[in-house]
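Engineer: Structure incoming, see below.
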């Protein structure tokens, strides 16, 4: 049998090189040409002479070939097509003129939480899709949807086929409440609820019952405010968004009039931002319920806090303690719906209805704060209160899952152990986004984080810490997937589905009507 001369070394043959120390004089992957354009010619000449010896055929042949790092085509794959994946790919393509990037995605469609997480009434946030589309259309980038890494193909198989692998698959689970009654009908994670109204296929059977008068949201971050806003927004204000028709129909029939947003700690520790709070305060047909007693002494405590936090607290204080003007007072008086913030309350038990068949309330432990600054924590006082409600939405955080037994994972923190994006003790494996740092921050936070991972990867490539020699990239993975009956979706396939969604939305004056059924998507593509 003829020898296959594109064979590569197994990863175990590569030295486990540690990343450079944080105090190193090396830059974070920023090219020297960018920092000093005058040196670019000399640097390019120097790089052309930097040869790395690699094994082109199996070592037993004793055959070596000189390999120029400037002439190779780095084959890189990114797992996950949300903001972290696309920003990582964008950085790699921009800062290495020969790199090829393949993006693998378990859904049939790209864009992750931009499509399935951003609220439908925030279309401006989704404009980043235009940038991601330009990246995906690059002749050095390819999208492969409908591929579940860890099931259809393993991470070690990707490592064998690529010079580097970046895990950017986000946080696809939620943190459990771990209290009695959490399993009752009427209790949902905010993540699943958001997926339901945003068209995530796995959440389309959710069917939340909105026939109750009161809903309780546990958690006080931006997702909690998004969910509260969608529950209380007049349905006619959502008709021209990309919310799913099924969700819109349910919201039209909703009887929810009051939404309580509950937090374990106090006003100074809320996690939402001023933009989301302002939207709630100005939400048509609603009025805020804020207890001035919750804000006693807050004015003095916010004098030294950072300006964004101070502005947020000042808006809360004004809303809670100042008498509204005549116009605002009239608006609030005519409001048929309300929302409120409850502080120093920790969920203890979901209370069942008399027949035990669904949620009818939640028991909250009253807490007090101990400690200062970031160390502030809520401790129970021993008092409890029961809050009647028919819908409980848990918004206490998203959580990443392990993707493959070969990849280290910190179950407590919910992240892949890493140093600036380099996976610990696994040369050539990187991570970016929420699976790297935890589910915090906004899209711009993820952009900065992903650019840093891209810089680290290119820095390692330049330093010769990644495998030299050719790698087959997608050609090898395509053969594996085909043998396993997996048929990937290309970006051009997605553009056909995109056109269908836009066409379906036009009749109703919507930007799109999202396709919800993966089988229907495949039929539309002739699969």
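Placed from the backbone N, Cα and C atoms, the Cβ positions cover glycine too.
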Engineer: With the ranges 18-42, 43-67 to choose from, which does TrEMBL describe as region 'Disordered'?
Structural biologist: 18-42
Engineer: Mean pLDDT for the domain 'FAD/NAD(P)-binding' (75-231), as a whole number?
Structural biologist: 97
Engineer: Out of 221, 441, which has the highest number of nearby Cβ atoms, where nearby means within 10 Å of its Cβ, if these are the binding-site residues?
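Structural biologist: That would be 221, with the highest Cβ count within 10 Å.
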Engineer: Would you mind checking how many other C-beta atoms are within 10 angstroms of the C-beta on residue 443 (FAD binding site)?
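Structural biologist: Excluding its own Cβ, the number within 10 Å is 17.
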Engineer: Measuring CA to CA, name the entry from the binding-site residues 221, 264, 276 that ends up nearest residue 441 (FAD binding site).
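Structural biologist: Among 221, 264, 276, 221.
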Engineer: Can you tell me which of the binding-site residues 84, 113, 149 is spatially closest to residue 221 (NADP(+) binding site)? Compare CA atoms only.
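Structural biologist: Comparing Cα positions, the candidate nearest residue 221 (NADP(+) binding site) turns out to be 113.
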Engineer: Could you give the Cα-Cα distance between residue 220 (NADP(+) binding site) and residue 434 (FAD binding site), in whole Å?
Structural biologist: 19
Engineer: For the binding-site residues listed here (264, 265), tell me which residue's CB has the most neighbouring CB atoms inside 10 Å.
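Structural biologist: Max Cβ neighbours within 10 Å, all protein chains included: 264.
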